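Notes for the one structure printed next.
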Amino acid sequence: MSSDEKLQILYCSFCGKSQHQVRKLIAGPAVFVCNECVDLCNDIIREEEIAQAGGAQKKLPTPPEIHRMLDEYVIGQEFAKKVLSVAVYNHYKRLGNQTKKDSVEISKSNILLIGPTGSGKTLLAQTLAKILDVPFAIADATTLTEAGYVGEDVENIIQKLLQKCNYDVEKAKTGIIYIDEIDKIARKTDSPSLTRDVSGEGVQQALLKLIEGTVASIPPQGGRKHPQQEYLQVDTSNILFICGGAFADLHKIIQRRTDKIGIGFAAEVRPKEDFSREASKLIKQTEPGDLIKYGLIPEFVGRLPIITTLEELDEDALMRILTEPKNALVKQYRKLFEFEGVEIDFREDALKAIAKRAIQQKTGARGLRSIVEHTLLDLMYDLPGVAAGLRKVVIDSGVIDQASPPIFIYHHEKASRKVAQE
């Protein structure tokens, strides 16, 4: 072999093999790498990813553990907790095993929560994100419009998630997004719309790819889009989407399908409470076809394979919500009063009165804080000025019903009723 021929032979800069000893030699700036070294590098990276995923899996709580942790923050809704625990566990188990070579590809299972206002839909989603320590964002479906119209683009949802994790794209890819009021973007009829529906069917169409999995182009640091801008590329394939809505009157669609109640002279006359219980039972029988009749397009329903329902909270559940969870309202107000050196005691009849009022207002658990806040407004206004010598404040049903003032107990004194200055 001549010296000129030797000079023309290229060698891998890593293993030293010549171009004749390997299948492919890739050239770079003054450097060459063979296909064997590339395969070796890929194997090393894959092994590290599997090791990291394995470590993350060890920390992933099992469905019963997720259920128990949900119990610490959310009262009732046992069936919904069970469904969510399994769904979330499978979702993150799937993410942890994506690096393994397998012919079976597991699809993402997004979730639809159906339940009345104040039943705990948002709280369940928030608590799941807290348990799993993943980024979490909430979006309101009623503010979304198609791109190019006044309102929020659907891609703004991803931007909110990025903001929650300081624009760490890799972290955002494993987050949870909760879209509230999803029932409000239902079209008015179950036939395709002939006119432009920018906040209903149009939004459903825009959400399809985002929920299923696409690469969204997001302006960095919340800026507006313009042609010369560099975008952050966010793959939504591994983001878990949980949609929630009240779906008012959905039970009527299910009732017509199941044909449980007669009409006209054949109709059974029942009290209002029975109809409420009947509606709750019917909602549990929700099928994809019922949601399509309600106004969700079939493609959108197909992207939400896991459907679970939440029950309307009764008086007992609302009373437990006031006292039992880790961040219960009563515990929060006790802490607030402790800052002033005063103890506050809510009697059981007061808790019952608060729960009854929330049921009357049809606000569920969401309305509990506003009722307590309104009740204690005057007391909290005057408390800093009268806290000296005050040991305890007792709240009973009379205070909630505004029939009597709180009971003040001073140091070295028996209980006495005092009216807060107004």
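Backbone N, Cα and C define each Cβ position, glycine as well.
Annotation source Swiss-Prot lists domain 'ClpX-type ZB' at 1-53.
For C12, C15, C34, C37, the entry in Swiss-Prot reads Zn(2+) binding site. C34 (Zn(2+) binding site) carries a strand DSSP state (E or B). The C-beta environment of C34 (Zn(2+) binding site), restricted to residues of the same chain at least 6 apart in sequence and closer than 8 Å, consists of C12, F14, C15, K17, V22, R23, K24, L25, I26.
In the three-state DSSP scheme, K121 (ATP binding site) falls into the helix class. The ATP binding site annotation in Swiss-Prot covers P116, T117, G118, S119, G120, K121, T122, L123 and rests on sequence analysis.
A Cβ within 8 Å of the Cβ centre of C12, C15, C34, C37, the residues given for Zn(2+), is found for these other residues of the same chain: S13, F14, G16, K17, V22, L25, F32, V33, N35, E36, V38. Taking the mean position of the Cβ atoms of P116, T117, G118, S119, G120, K121, T122, L123 as the ATP site, the remaining same-chain residues with a Cβ inside 8 Å of that point are G115, G244, L310, G364, A365, R366.
C12 (Zn(2+) binding site) falls within neither a helix nor a strand when secondary structure is assigned with DSSP, and so counts as coil. Taking all protein chains in view, 18 other C-beta atoms sit within 10 angstroms of the C-beta of C37 (Zn(2+) binding site). DSSP gives P116 (ATP binding site) a coil state; it is part of no helix or strand. On the 0 to 100 pLDDT scale, the domain 'ClpX-type ZB' (1-53) averages 80 in this prediction. Between C37 (Zn(2+) binding site) and L123 (ATP binding site), the C-alpha separation comes to 50 Å.
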